[in-house]
Amino acid sequence: MITLKQAMELAPQALSEIKTEIRKKVSESSLNAYVGEIRDSLEGGIPILVKDNINVKGSELTCGSKILEGYVAPYNATVIEKLHAQGMSAFGRSNMDEFAMGSTTESSAHGKTLNPVDSSRVPGGSSGGSASAVAGGLAIAALGSDTGGSIRQPAAFCGCVGLKPTYGRVSRYGLVAYASSLDQIGPITQNVEDAAILFDAISGHDGRDSTSASLAPTQTHKALDANKKQTIAILPDLLKEASKPIQEAYFETVKILESEGHKIVEKSMLNTAYHISAYYVLCTAEASSNLARFDGVRYGRRAEAQNLKELYIKSRTEGFGEEVKRRILLGSFVLSSGYYDAYYLKAQKVRHLIKNQYDEIFKDCDLVLSPVAPTVAPKFGSTSTPLEMYLGDIYTISINLAGLPALSLPVGKSEEGLPVGMQLIGKAFGEQSVLDGALSLERAIGFAL
């Protein structure tokens with residue numbers, strides 16, 4: 001598949017031919033990366049695949065859930081309007097874990113998505129459809145959302161590039177909320193340059209999103225500098241949770257960064273067990289509130305019932321999958337009057353501590369290098385308990401808790417030929433430094449789709 005940078009140079013007729021080619025490839029593919037009918041939001045625009053939790057006017061929006069079957073988006077999300085302004089089109093919807101709650105894209109009502117590198121392996125999640133499509137040659141580029149690693153982890157598992165912007169850098173207006181203080185939309189692309197182009201297209205202040213940062217749209221692509229030398233922190237203490245292939249790739253990446261002239265310094269952070277605990281208290285609490293709106297009354301699936309109480313219970317019981325129900329129950333529990341102080345307030349204090357630790361590291365560092373996941377992409381069905389799945393997020397969730405930007409890129413392959421990804425984490429609104437460092441690493445490795 002051509003890159004986004006190459007597509008920017010094409011005439012409308014050539015783009016139309018590419019869209020026809022994509023439709024054909026998707027119809028023949030077994031990856032299940034796309035869901036529903038492929039609609040084109042802008043004739044003559046560059047096709048960008050959009051995750052199924054972002055509103056595209058006139059297209060069905062399901063968030064991978066039965067409860068939203070048949071719901072058609074009545075408006076465009078801000079990121080879609082920004083794509084249109086840059087001559088890009090929302091072209092198709094990508095499969096995802098139900099309401100973005102998962103790390104494998106197995107919980108979707110549309111069925112699981114396969115990893116294009118090895119179909120017996122998960123593509124990651126929750127933006128697994130976006131990453132699978134980009135890595136599998138079914139999309140030029142895609143949009144995903146990242147609440148605790150949902151852009152970066154599937155990008156790492158499939159072997160493409162995923163950027164989670166700083167919280168507030170990209171408008172969330174039109175994104176179906178999972179955990180509002182953590183969610184962020186970002187690009188999944190074939191290389192770092194494309195990530196910069198798509199990030200520039202969707203970033204900028206939006207008055208319709210109260211958490212949107214009052215900053216001008218970025219111009220990171222024009223300012224990209226792979227020769228910029230930076231101070232990069234490494235966190236050896238956190239590697240004990242990682243498998244051998246990840247540890248080996250991490251230290252090999254450190255050597256490459258040093259050889260490129262970057263300064264490496266060792267730092268330490270709070271034990272990742274606290275990251276996990278705080279994250280799953282906060283995100284489930286927010287989810288239980290956000291998902292209360294899906295009641296069978298206003299939109300989506302409506303069960304047959306004799307009274308209002310029965311309607312609520314039956315619609316939500318039939319419409320939500322097991323993982324979503326689990327997280328709603330957990331969230332309702334931690335917000336209950338007897339446990340609010342013990343769990344929710346304590347988790348907020350840990351979140352503040354994590355942010356302070358990153359602030360301390362960034363006093364004398366430009367970037368932090370970290371694994372994206374403790375293992376390469378696992379096989380389908382290899383995770384036997386929800387806790388095992390949650391522990392797969394140990395390296396990504398702290399970045400969301402602190403609201404920082406981070407980019408995942410492939411740095412090599414395991415002995416089994418599976419992609420290994422690392423992430424560069426930056427200061428708040430420091431996407432330029434993150435992209436510069438990632439481009440330096442990408443060119444040194446020579447590893448891009």
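A Cβ is built for glycine as well, from the same backbone N, Cα and C atoms used for every other residue.
DSSP assigns LYS51 (active site, charge relay system) to a strand in the three-state reduction. For LYS51 (active site, charge relay system), the same-chain residues lying six or more positions away in sequence with a CB closer than 8 A to its CB are ARG93, SER94, MET96, SER127, GLY129, SER130, ALA142, LEU143, GLY144, SER145. Sequence annotations record features per position, and here Swiss-Prot assigns active site, charge relay system to LYS51 (among others) based on sequence analysis.
Here the region 'Disordered' (103-128) has, by DSSP, the following mix of helix, strand and coil residues: 1 helix, 1 strand, 24 coil. Residues annotated as region 'Disordered' in Swiss-Prot: 103-128.
Taken from Swiss-Prot, the feature compositional bias 'Low complexity' covers 119-128.
Around the Cβ of SER126 (active site, charge relay system), the number of neighbouring Cβ atoms within 10 Å comes to 35. The active site, charge relay system feature in Swiss-Prot is assigned to SER126 (among others); the stated evidence is sequence analysis.
What Swiss-Prot records for SER150 is active site, acyl-ester intermediate, and it gives sequence analysis as the kind of evidence. Non-local contacts of SER150 (active site, acyl-ester intermediate) by the CB criterion (under 8 A, 6+ apart in sequence, same chain) comprise ASP97, ALA100, SER103, GLY125, SER126, SER127, GLY144.
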